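Enquirer: First the structure, which I've put down as structure tokens, then a few questions once you've had a look.
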């Protein structure tokens, strides 16, 4: 008789790091290291990654009440 081995989520291999392609680590998931996580954060902060949306000119915002009070 063969024994069945139950696999848990911890046994499942993680996807590769999106920055360098090395195996990701649980501690820094989805990255392989804090360095790769920092590189990714820097790309977001440097606006190399963007989420598509309407241009700022196309967006309309209602006037804020504190803006109205300042013009008086």
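Every residue, even glycine, has its Cβ placed from backbone N, Cα and C.
Reproduced below are the annotations present in Swiss-Prot:
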BINDING   17, 20, 32, 36  Zn(2+) binding site
REGION    51-72  region 'Disordered'
Enquirer: What are the sequence-distant neighbours of residue 32 (Zn(2+) binding site), meaning same chain, six or more residues apart, C-beta distance under 8 angstroms?
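Expert: Those within reach of residue 32 (Zn(2+) binding site), by Cβ under 8 Å and sequence separation of 6 or more, are 16, 17, 19, 20, 22, 23, 24, 25.
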Enquirer: Taking each of the binding-site residues 17, 20, 36 in turn and counting other Cβ atoms within 10 Å of its Cβ, which one has the fewest?
Expert: 20
Enquirer: When you average the Cβ positions of 17, 20, 32, 36 for the Zn(2+) site, which other residues in that chain have a Cβ within 8 Å of that mean position?
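Expert: Neighbours within 8 Å of the Cβ centroid, excluding 17, 20, 32, 36: 16, 18, 19, 21, 22, 24, 31, 33, 35.
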Enquirer: Taking DSSP as the reference, which of helix, strand or coil describes residue 36 (Zn(2+) binding site)?
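Expert: Assignment for residue 36 (Zn(2+) binding site) reads helix.
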Enquirer: Should residue 20 (Zn(2+) binding site) be counted as helix, strand, or coil on the basis of DSSP?
Expert: coil
